[in-house]
Amino acid sequence: MTELPDSTRWQLWIVAFGFFMQSLDTTIVNTALPSMALSLGESPLHMHMVVVSYVLTVAVMLPASGWLADKVGVRNIFFTAIVLFTLGSLFCAWSSTLNELVLARVLQGVGGAMMVPVGRLTVMKIVPREQYMAAMTFVTLPGQVGPLLGPALGGILVEYASWHWIFLINIPVGIVGAIATLMLMPNYTMQTRRFDLSGFLLLAVGMAVLTMALDGSKGTGLSPLSLGALVLCGILAIALYLKHAKNNPRALFSLALFRTHTFSLGLSGSFAGRVGSGMLPFMTPVFLQIGLGFSPFHAGLMMIPMVLGSMGMKRIVVQVVNRFGYRRVLVATTLGLSLVSLLFMSVAMLGWYYALPFVLFLQGMVNSTRFSSMNTLTLKDLPDELASSGNSLLSMIMQLSMSIGVTIAGLLLGMFGQQHIAADSGASHTVFMYTWLCMALIIALPALIFARVPNDTHKNAVISRRKRSTQ
């Protein structure tokens with residue numbers, strides 16, 4: 001890194017700030033949801049669309065971001081991503097209704113979807129191959145710090161200012177980043193194949209419509225007949241994509257990916273696994289504030305042990321998988337995460353608040369081990385010519401499954417809860433207890449998929465390399 005030219009180091013700093021902005025925004029919002037609900041006149045149990053709108057937009061836009069960067073240029077797309085993200089943040093802060101906030105989060109998600117993959121592509125183009133790993137480690141470190149700072153920073157801003165400031169802090173950073181991008185970043189372009197617009201639109205419609213339908217009649221305000229039509233529309237769109245992609249070399253995601261058995265198992269397990277674990281970052285701060293009466297600041301602080309456990313486990317996950325094999329690790333961590341989530345609820349209901357940080361630290365460790373194992377299992381056996389496409393599909397599935405997880409969490413809260421519940425009341429405890437039981441079951445179910453993973457026949461020599469490609 002030290003022998004790189006000054007201009008290249010500045011370009012890496014720009015990419016690193018983009019990673020930081022995007023990752024910070026994934027966790028800073030969760031702590032503020034109850035305060036947002038109070039300000040907007042909504043029930044805290046119905047605020048999940050603030051999270052879903054952002055994550056789902058990222059999932060939908062991810063497949064197009066790399067192609068746009070190659071076609072239009074990395075500087076132009078990265079600048080556009082920062083501008084859209086910053087404008088989305090401004091509109092979020094100006095929002096006076098939940099619908100306005102959701103629309104602003106969609107705009108923010110479009111920028112966020114382009115920021116990280118285009119940033120990775122930028123590093124690939126400006127750094128020599130032998131220094132690529134060191135450069136990626138440098139630019140992704142702020143992305144790991146963002147989730148750590150997000151909950152606590154969100155809690156501080158909500159408690160001592162207002163929820164609007166969790167979005168307003170993005171604006172000066174975004175302005176500086178946009179100016180620096182125009183001044184310092186070269187506009188690399190590449191020859192690209194024709195973009196599969198038909199496949200992109202079919203997948204986008206299918207993902208968005210099915211996620212909306214999951215929100216139910218209470219969330220969408222639609223009749224059961226209209227919801228049924230949405231489901232049919234989503235299924236039809238996915239079916240049409242499968243027909244479109246069959247024997248199509250220009251398809252957005254080739255169906256040849258699924259000829260690799262471990263990819264099929266890993267992708268289905270990753271989808272099901274992240275539906276369950278995607279509920280936890282949303283549910284935990286909401287439960288701490290609405291269920292236990294914690295302040296936003298203290299709820300944010302309680303999330304830090306979970307992130308610390310996750311970051312700490314990344315250092316030894318390679319050895320764990322090589323020692324015990326994928327099947328044992330994935331089945332054990334899936335069932336373990338379900339048990340730890342039940343332990344968290346039990347400790348909270350018993351009033352042993354001093355033990356909650358330890359439980360959350362353990363939850364972070366188990367979750368991190370499972371995530372890394374799922375990622376590498378999915379990609380490790382793909383042929384080189386399909387590795388990039390497989391990685392893109394996995395990234396999209398990761399975002400989609402998390403949005404579905406948050407949607408299901410909101411659906412469960414709405415099903416068990418009333419329109420408005422008082423903080424730290426018996427009614428709220430009952431609502432969260434039933435929701436947590438359902439969530440623990442959903443978290444455990446992917447163990448049935450991972451039990452089908454074949455026994456490892458050799459030590460995994462590529463887990464470390466593949467794991468970094470999915471960070």
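Backbone N, Cα and C atoms are what each Cβ position is placed from, and that goes for glycine too.
As given in Swiss-Prot:
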- 12-32: transmembrane segment (TRANSMEM)
- 49-69: transmembrane segment (TRANSMEM)
- 77-97: transmembrane segment (TRANSMEM)
- 102-124: transmembrane segment (TRANSMEM)
- 138-158: transmembrane segment (TRANSMEM)
- 197-217: transmembrane segment (TRANSMEM)
- 222-242: transmembrane segment (TRANSMEM)
- 263-283: transmembrane segment (TRANSMEM)
- 286-306: transmembrane segment (TRANSMEM)
- 342-362: transmembrane segment (TRANSMEM)
- 396-416: transmembrane segment (TRANSMEM)
- 431-451: transmembrane segment (TRANSMEM)
Per the Cβ under 8 Å criterion, with at least 6 residues separating them from its ends, the transmembrane segment (263-283) contacts 27, 30, 33, 48, 51, 257, 303, 330, 334, 337-338, 341, 363, 367, 370-371, 374-375, 377-379, 381-382, 390, 393-394, 397-398, 400-406, 408-409, 432, 435-436, 439, 442-446, 449-450, 452-453
Long-range environment of the transmembrane segment (342-362) - Cβ separation under 8 angstroms, sequence gap at least 6
284, 287, 291-292, 302-303, 305-306, 308-309, 429, 432-433, 436-437, 440
Select the range from 49-69, 102-124, 197-217, 222-242, 286-306 that forms the most Cβ-Cβ pairs under 8 Å with the transmembrane segment (396-416).
49-69
Tell me whether the transmembrane segment (102-124) sits in contact with the transmembrane segment (197-217), defined here as at least 3 Cβ pairs under 8 Å among residues 6 or more apart in sequence.
no
How about long-range neighbours of the transmembrane segment (286-306): same chain, 6 or more residues beyond its ends, C-beta under 8 Å?
27, 30-35, 44-45, 47, 148, 150-156, 158-160, 348, 353, 356-358, 360-361, 363-364, 367, 421, 423-424, 428-429, 431-432, 436
